[in-house]
């Protein structure tokens, strides 16, 4: 019998999309035209734009004020992106990425040519379908607050953001390089520090230093290949995530690099051998600390998601990848629609976690990526995989406003990003942006409750704390069409 834990999440009191559109029927027509987002903003809340801008600005100002004493804790892993200061430059760089047109125009037009963001048919510039007056209001509100509080001209805001990103990253790098025992992943290790450094220099327009830090990242390859684990937080695929992070910011085709392909091939071989050794029904299976996990942090969904970003791996193993995606649905899902964290939880019917690390949210990312990345899916199979994603997102909608704070790993921030992934993946349907608005609104409305923001072990961090919530607010209001779950997508 499945047992659903009800003490881990707040009841979602926001109207469903169906209820909301009954109150605002014009939204159903607006969904099919370019004014849809503007119409949704108008009907959702007249204060939403300003509240989001103020939230992001206040967080930036706090980070500038606190560097480095309050954020750099005297712990072994204080430089990590997950719980340490390494996550702060990720947030600052995302602001630069989103606002480069606005900030670069204020700074200098020549630099804009060097730092244009990745674009393709699935990630169109930063067009959000706002009318110009709404878009200007959003951008100018944030700039106005920062210029006023920092006592600098608007032309200097970008430089200020970038310098602070460099400073935080330098502190993180120093912490990693002083360690006797290294970690090598994007989220928990020195690979993340190198990747962030490369992106900082990309936005500075320094191609030589970008290449230098990519070379440093590649130089870790031999050590990474000795790692026993394969998952994202501490294993080999976490190293691959660092290349994806740089590619997303620079457009450099790093997911085709020899290091990425060889590491991913090694993970597939490990998965194949382990599956045979435990007589698993899965084509591939992996363990972490001798236990099997299904979720994004330590398990199958995170590994598969990252593999689907490696074009040559998808080309070579598309049949196996499709089989794994199908098996995830049929062998890992609980009766509620949520996903178990492990075989043990599945067998016990334990249904408590709706987190990116364990539960349905990471499977939203997986199914959306599979829908787009796997080649030559027939219409029926593609529709089925989309249905898997929709089913997962509904679980997140109902049970995803968590007690554990605003972070990405097991907080409201990470769960809110699943709706942005759905929005970006499936024709920019307003239903999903509305749901992201609701989770963002929750963070804005609860921001004065110190207990909520102090709940995580690391309340200032990206994956456990307020920086994760800040990332959701930032992407939801400023650039939902180009949003990505930080350091994962």
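Backbone N, Cα and C atoms are what each Cβ position is placed from, and that goes for glycine too.
Quick caveat, the model's predicted, so the values are computed rather than measured.
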Given TrEMBL annotates 409, 410 as Zn(2+)-binding, which of 328, 357, 487 belongs to that site as well? 357
Which residues of the same chain, at least 6 positions away in sequence, have a Cβ lying under 8 Å from the Cβ of residue 409 (Zn(2+) binding site)? 82, 297, 355, 356, 357, 463, 464, 468
Cβ neighbour count within 10 Å, max among the binding-site residues 357, 410, goes to 410
Reduced to three states, what secondary structure does DSSP give residue 410 (Zn(2+) binding site)? coil
